[in-house]
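K.L.:
Pasting a structure here, questions to come.
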Amino acid sequence: MISIGGVIGTGLFLGTATALKNAGPVGALLAYTFIGSICFCVMVSVGEMISLLPVAGGHIRLAARFVDPSFSFALGWTLWYGWSVLLNIKLIAELSAAATLIDYWQPGVNNAVWVTVCLVVAVGINMFGVGIYGESEFIFCSIKVITIVGLIILGIVLDLGGGPDHDRLGFRYWISPGPFVQYNGISGTTGRVVGWVSATIQAAFSFCGTEVVAITAAEVKNPHRNLPRAIRRVYARILVFYIGSVFIIGLLVPSNDPLLNLDSGNASASPFVIAINRAGIRGLPSVINAAFLTSAWSAASGDLYFASRALYGMAAAGNAPRLFLRTTRSGLPIASVAFCALFTLLAYMTTSASAGEVFTWFANMTATCGLWGWCAIGIMYVRYHAGFKAQMLDKCALPYWSRLQPFAAWWVIFACGITMIFSGFEVFLHGQWSTATFITNYLPIALFPILYSLSKLATRIPLVSPQDMDFVTGSHIEEDPTDLAPENRMQEFWAWLI
């Protein structure tokens, strides 16, 4: 549930417009498939480690066991930066996008009004504690799942000519304007490759957050059983919710449709809304837009939740000021929530710039930071695998393991590294320089190595030897008898779906 809730957001509902516009239907599909393969390998890697050792703090704490304390320090602060200043700037992107979505109904109203409304909802949910957050997230997630499944089914019907206009589209837009786009008018193969790279960054923004389930591993009932189940469902979610959606919108909307421009300032930029309007279905765009808005609220409150818990976990580990350990009587880390909430005020940037432009800036920064987090998980797994071999442990006894390892972890490291390096390389082409693009793509790349180097210089603690890695502490968890299995096929299907 957390994995789905954290990932399905405006990156899918609204951000796919940028991918389709920049790369074309086939280019966008290949980009999402490429990032989807990385995401799956990330979940396979972190899933094996966290299923065995469901410790508080998740993979951030495990980084100290399998690499060294400096790696854990750098990863913790990078992920906090991702969730609070970038994924909390993703929160800002979600709020900016929410302003874009609401503008569909009330054009011309200052975005500050809508940002304020969304901020009150997102921060308020977090201030009421984990109980309210969990209940609201379940409702929001259910709406997301129903919406995206319904849109995919509707898309198939429209493509086959089942709409009011009875226009059978088929693969029409793959032929004209074509499967790929010449990005920013750059001719030849270079233009198509640059467009594909641009789409991979948007895809990475959409997928970022899938691994956050590892942070809550210590709170999961029967983690040795339930975490492996969640990991095994990841591939279906990726295939259905993301790759399936991108495939459908590529059939329904031409890549040269002017409404795909996020700078248009309203939710008509959503490929799904464009497709519904093109088919002549009245009234439904407003219903879909309302569902998109709940998605933005959900993603925003989720980003704030994980940012505050990451900050609290780092304070507990001694990697952040002890001030952030302050909690209410109910256990709410009030100081961490309040501090992380301060960064949401940056969402008011949408009052001085186009909401679509701000969304694109923050999406680029979030994607780069998220890719660093994935790359770190790959490095952790390679070290974890070396420790397993050195201590001659039996993988068949693990709660979860994959035959793809360690190749999956190496693929994560290689693919994330290449994607980060080329994330903004179009600025180096003749006449394509953009300071904003360069900063938003490359500034976050330097954060992790700088933090790691500074911590290493301060502590001078060597890498953990494979023979000394701890695979025991935290691995023994008693089963919770209240965690009941599904009683019928409907419950089994719903459990699989979410």
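The backbone N, Cα and C atoms fix where each Cβ goes, glycine too.
Since the structure is predicted, the reported quantities are computational estimates derived from the model, not experimental observations.
Pulled these from TrEMBL:
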DOMAIN    1-460  domain 'Amino acid permease/ SLC12A'
TRANSMEM  29-50  transmembrane segment
TRANSMEM  71-92  transmembrane segment
TRANSMEM  112-133  transmembrane segment
TRANSMEM  138-158  transmembrane segment
TRANSMEM  193-214  transmembrane segment
TRANSMEM  234-253  transmembrane segment
TRANSMEM  332-349  transmembrane segment
TRANSMEM  361-386  transmembrane segment
TRANSMEM  407-429  transmembrane segment
TRANSMEM  435-454  transmembrane segment
K.L.:
Below 8 angstroms Cβ to Cβ, which residues of this chain, lying six or more residues outside the transmembrane segment (361-386), approach it?
P.N.:
11, 15, 18, 38-39, 41-42, 45-46, 48-49, 59, 62-63, 66-67, 71, 74-75, 78-79, 81-82, 86-87, 89-90, 92-93, 96, 201-202, 204-205, 207-209, 211, 405-406, 408-413, 416-417, 419-420, 423-424, 436-437, 440-445, 447-448, 463-464, 466, 469
K.L.:
Could you check if the transmembrane segment (234-253) is in contact with the transmembrane segment (29-50), meaning 3+ Cβ pairs under 8 Å among residue pairs at least 6 apart in sequence?
P.N.:
yes
K.L.:
Are there residues at least 6 beyond the ends of the transmembrane segment (29-50) whose Cβ is under 8 Å from a Cβ of it, and what are they?
P.N.:
19, 23, 58-59, 62, 66, 196, 199-200, 202-204, 206-207, 210-211, 214, 217, 223, 227-228, 230-231, 234-235, 238-239, 242-243, 246-247, 250, 374, 377-378, 380-381, 384, 398, 400-402, 404-405, 408-409, 411-412, 415-416, 419
K.L.:
Can you give the mean pLDDT for the domain 'Amino acid permease/ SLC12A' (1-460), rounded to a whole number?
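P.N.:
It averages 79.
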